[in-house]
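According to Swiss-Prot, the DNA-binding region annotation covers 11-17. Per Swiss-Prot, compositional bias 'Low complexity' is recorded for 112-122. For 151-161, the entry in Swiss-Prot reads compositional bias 'Basic and acidic residues'. The compositional bias 'Acidic residues' feature in Swiss-Prot is assigned to 162-237, 266-275. Annotation comment: Swiss-Prot describes 112-275 as region 'Disordered'. What Swiss-Prot lists as motif 'Nuclear localization signal' is 135-142.
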Amino acid sequence: MESEKVVVDELPLAIVRRVVKKKLSECSPDYDVSIHKEALLAFSESARIFIHYLSATANDFCKDARRQTMKADDVFKALEEMDFSEFLEPLKSSLEDFKKKNAGKKAGAAAASYPAGGAALKSSSGTASKPKETKKRKQEEPSTQKGARKSKIDEETKRNDEETENDNTEEENGNDEEDENGNDEEDENDDENTEENGNDEENDDENTEENGNDEENEKEDEENSMEENGNESEESGNEDHSMEENGSGVGEDNENEDGSVSGSGEEVESDEEDE
């Protein structure tokens, strides 16, 4: 476990070698200084111990200020506390150069991403002036993921609620349409029944008129038959009267005949008497 911890805390040797050789080339520009492996390991371990001590001292100043994010001012105060004040000016100048380079890189990247985005360029330059807050970012990442997950769940819940409301609305509309259709069908049936009743009434009226016409025709037939009977009775009366007249004529004829007979008898009797 201790060996793994040393490996984890050990600084990258390539970076340590590059930093050391750059400084040595400034100190001895006439010749190239070679670095032994053990010397490189010693530089690496010394830098690690120095960084640990410097970070612990800077953390104390950060706690005194009641902040959770360490700033460059905390590191500067820690260097003064460790009696490295002579390194503050070159450290601050190198830090300003780093800020300018970093701001230029971010501005170029923002301009490439947003060609006409002046506001995006301004915001990127404003964020570049701030130091990196790696610790705070790591703490905020889980909360951001939780917030994103929660917002996603809320969106899904809202979508499901909207779908449920739409389904209920469609069902209600379908029921309303069915009720309207059923009412329309009932109204149509009522209209048809009303029309049929009207037709039945018209047929009844027509039948009534026909019955009235039949009754009138029957009355006319009765009157005609009565008139015919009256005419027949008159004719029979005329016949009886003619028969009576004929009878009276016959009687007169008979009487005349009887008179002639009696006359002839008298004539016969007178003739006999004359004889």
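Just so you know, glycine gets a Cβ as well, placed from its N, Cα and C.
Counting residues per DSSP class in helix, strand and coil order gives 5 helix, 0 strand, 2 coil for the DNA-binding region (11-17). The DSSP breakdown of the compositional bias 'Basic and acidic residues' (151-161), given as helix, strand and coil counts, is 11 helix, 0 strand, 0 coil.
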